């Protein structure tokens, strides 16, 4: 099945399938990575207030020379900022030095205190209502709103009261943790999915899997390209591999069309060893509805 180059959001906007992720990309390195990616054809950059690098991402965008209107820029509302949605948006815009965001996500449905614990007196539902309010009142500041790390049960809860259907749900997704239940639920409601950690985790354990190596040989690409391409071959899914290494950034941009048999073989990996690398327990809000964490 052919890989897609972009996904049409429920706002009508086109979101480039391939983006550069910047989690754990340090100031100093990240602006060079962003500039390099944009100079080499990327048009989708993903960051978050929690990453502590919005300012540098903004500098990288300027260094690239690519006009802002040609770039799809995503950042995320930090958990400790859920009581102050409007001011958090303004802080992100200032740090990124941009007049608007293409997409703003609630990073986790997990309000937290500035000290790092769970803010049990704040309801994430009210955070979404506040995000809707900002979105409706300030279309010049934010073009789309969405969520991140929302399980099926949390998505269904949100859709009971939401007046704005999220444009995107960003989730961990790779052959050991596909989260196909979430992808299918999102498709039902016209919500695009962005896959983070497509290689598995920082150590990229999936690169050594025999099926991944075999497919890499078949298509004469690196194993990482197979894992990134898997997401680009899933309807309605975008993908944000992260790297600060110039040659890897360029290499990651090679997307191949996988067959149904290829995709089935990659999906089989989860049956052997389901592994979620990014667990939500650190937020103080338990498993937030993910069935594999019960």
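The backbone N, Cα and C atoms fix where each Cβ goes, and this holds for glycine too.
According to TrEMBL, the feature active site, proton donor maps to 51. Per TrEMBL, the feature substrate binding site maps to 107. Sequence annotations record features per position, and here TrEMBL assigns domain 'NADP-dependent oxidoreductase' to 18-269. The annotation site 'Lowers pKa of active site Tyr' is assigned in TrEMBL to 76.
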Q) With every protein chain in view, how many other Cβ atoms are within 10 Å of the Cβ of residue 107 (substrate binding site)? A) 22
Q.
Taking only the residues in the domain 'NADP-dependent oxidoreductase' (18-269), give me the average pLDDT of this model.
A. 96
Q.
Whole-number answer please: how many Å between the C-alpha atoms of residue 107 (substrate binding site) and residue 51 (active site, proton donor)?
A. 11
**Q.** C-beta crowding around residue 76 (site 'Lowers pKa of active site Tyr'), within 10 angstroms
**A.** 27
**Q.** Neighbourhood of residue 51 (active site, proton donor), C-beta criterion under 8 angstroms, separation at least six
**A.** 22, 23, 24, 25
